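Going by Swiss-Prot, these are the annotated features:
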type	residues	note
BINDING	96, 100, 102, 122, 123, 124, 125, 126, 127, 128, 129, 130	5-phospho-alpha-D-ribose 1-diphosphate binding site
BINDING	126	orotate binding site
């Protein structure tokens with residue numbers, strides 16, 4: 001199966017991805033964006049959820065066959081990680097953005113053995129900053145990180161640089177280029193909007209400021 005294409009189409013169909021080149025969204029980072037991606041919506045659609053489950057499992061079996069444990073990145077990576085771990089009959093843990101301020105004050109939740117080989121699961125990759133913080137926490141906890149998988153990446157150069165500098169490989173089911181290709185082919189956006197969509201991807205921080 002061509003997961004790159006099918007996942008892009010599924011995200012468009014269920015409106016997990018919305019494209020508004022003329023009416024940009026405002027991200028939490030302050031960036032203006034012609035695209036908004038909420039992969040949490042895939043959990044509400046069994047067909048999409050199962051497609052993503054099968055695709056992520058395939059990524060692990062293809063690229064990280066030595067995987068011994070799944071680690072979800074809070075919060076959106078947790079349900080995806082749980083679904084994969086259940087499908088593969090593997091243990092699972094998850095990583096908080098910061099330690100709890102009560103109880104055991106855990107940053108990593110779950111119980112596995114130090115030194116185990118882990119694949120980290122994210123739902124969406126933008127700059128990679130928060131994802132790589134989770135990786136760093138796991139490495140400091142004594143675990144071996146095989147790599148990271150995710151549903152979708154915007155394909156920013158800064159993300160590619162961040163993962164390269166961290167020495168972490170990343171594999172996602174779909175990406176911005178494929179999504180825009182399918183969006184045009186299926187009339188979610190018009191051909192004359194492609195230039196705007198391309199300009200944003202090249203310089204997202206300064207687009208339409």
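Think of each number as a place in line: the chain as shown, counted from 1.
Here the Cβ of each residue, glycine as well, is placed from N, Cα and C on the backbone.
Locations of recorded Swiss-Prot features on the structure.
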residue : record                                              : Cβ contacts under 8 Å, 6 or more apart
96      : 5-phospho-alpha-D-ribose 1-diphosphate binding site : 74, 106, 107, 108, 109
123     : 5-phospho-alpha-D-ribose 1-diphosphate binding site : 39, 40, 76, 77, 80, 150, 151, 152
125     : 5-phospho-alpha-D-ribose 1-diphosphate binding site : 131, 150, 152, 153, 154, 159, 170, 172
126     : orotate binding site                                : 29, 154, 156, 159
127     : 5-phospho-alpha-D-ribose 1-diphosphate binding site : 156, 158, 159, 162
129     : 5-phospho-alpha-D-ribose 1-diphosphate binding site : 162
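DSSP classifies residue 129 (5-phospho-alpha-D-ribose 1-diphosphate binding site) as helix under the three-state reduction. For the recorded site, residue 123 (5-phospho-alpha-D-ribose 1-diphosphate binding site), the DSSP three-state label reads strand.
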